[in-house]
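S.K.: Attaching a single structure in structure tokens format; questions to follow.
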């Protein structure tokens with residue numbers, strides 16, 4: 001009992017709740033379907049106990065499944081690492097270069113960002129991934145990227161098994177008209193299959209093939225984007241130098257990928273380019289936020305909006321053109337003031353102007369709302385109203 005208590009704690013059980021989300025449910029379902037069908041089709045196509053090739057094929061298939069699940073669950077449960085609540089830099093003068101988070105009641109360390117889903121400031125936050133129902137950041141970046149690499153490789157192997165199973169089982173039953181295509185199937189015909197390849201089996205294999213090919217394309221593209229961003233060596237003529245580009249792809253690669261899977265550094269201080277210092281990027285971010293506030297446009301709500309994701313009462317275009325994002329929608333009441341920073345033809349995104357009491361307790365309401373529910377104010381005081389908040393979330 002004491003042995004189990006070292007693993008099963010309240011925090012562990014709380015983390016298990018991450019599985020109760022549409023992202024992990026879909027991801028694990030795809031892994032389970034592709035892996036199960038690939039194992040069954042391997043038995044039908046290439047019995048592993050009869051030939052060396054069949055054994056290698058089966059062992060590789062099992063290895064793909066184990067490695068994919070290992071990196072997936074580590075990416076989910078290890079987590080990105082969070083900035084301690086109420087964190088302040090050791091040198092108090094550095095606070096002028098950092099943004100203050102009213103939710104966490106502390107300053108944001110370089111490369112950190114506050115995640116609305118996790119409700120914490122995340123170390124080296126990349127993004128909040130719905131497929132692992134967690135953020136991708138400092139501590140789980142290696143596991144997440146390894147999962148993105150292994151998933152397409154495993155699905156490609158499974159797709160080959162599905163194709164060869166269907167070909168070998170239908171070879172003598174259907175004439176494909178491929179007179180020039182000759183495949184030696186003597187090795188796989190040395191035994192009778194343990195299970196019949198019926199119509200339901202063919203349909204299940206075809207369905208699994210579609211999942212495997214779709215996963216290979218989608219996750220493979222995501223891996224390419226992640227790898228490019230992680231090792232990119234920036235060569236631009238701009239005056240601003242990206243501080244975390246160490247000058248070569250190999251040095252950038254080693255900052256994320258290690259043999260142990262444990263990232264280098266503490267998630268607060270980072271190795272930087274010789275021409276930069278720890279707060280080069282945070283200073284640039286403060287400048288961009290100030291510019292964003294200046295460019296924000298003040299709107300006033302002219303219709304009530306209940307915060308629905310797809311409000312049918314606001315028109316068909318608003319219903320069908322809802323933003324495909326997990327960012328929140330904010331309910332509006334007639335007369336509310338909003339500072340809009342971006343938008344589409346049918347939706348807008350911005351911050352609701354709150355009372356002084358709400359701002360004092362650190363409350364912030366921002367998100368999407370239908371464009372038809374607001375109208376632009378004839379006078380715009382967005383810049384003057386927000387100059388006192390330059391270093392706040």
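Numbers here mean position along the shown chain, with the first residue as 1.
Each residue, glycine too, has its Cβ placed from N, Cα and C.
Quick caveat, the model's predicted, so the values are computed rather than measured.
Pulled these features from TrEMBL for this protein:
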type	residues	note
DOMAIN	97-237	domain 'Palmitoyltransferase DHHC'
DOMAIN	299-377	domain 'SH3'
TRANSMEM	25-47	transmembrane segment
TRANSMEM	53-73	transmembrane segment
TRANSMEM	147-167	transmembrane segment
TRANSMEM	201-225	transmembrane segment
S.K.: Between the stretches 25-47, 53-73, 147-167, which wins on the count of C-beta pairs under 8 angstroms to the transmembrane segment (201-225)?
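M.R.: Selected stretch: 147-167, with the most Cβ pairs under 8 Å.
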S.K.: Excluding the flanking five residues on each side, which residues at least 6 beyond the ends of the transmembrane segment (25-47) place their CB within less than 8 Å of a CB in that stretch?
M.R.: 19, 53-54, 57-58, 61-62, 64-65, 68-69, 72, 131-132, 151, 154-155, 157-158, 161-162, 164-165, 168-169, 187-188, 190-191, 193-195, 197, 201, 204-205, 207-208, 211-212, 215
S.K.: How about long-range neighbours of the transmembrane segment (147-167): same chain, 6 or more residues beyond its ends, C-beta under 8 Å?
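M.R.: Answer is 31, 34-35, 37-38, 41-42, 44-46, 57, 60-61, 64-65, 67-68, 71-72, 75, 183, 197, 202, 205-206, 208-209, 211-213, 215-216, 219-220, 222-223, 226.
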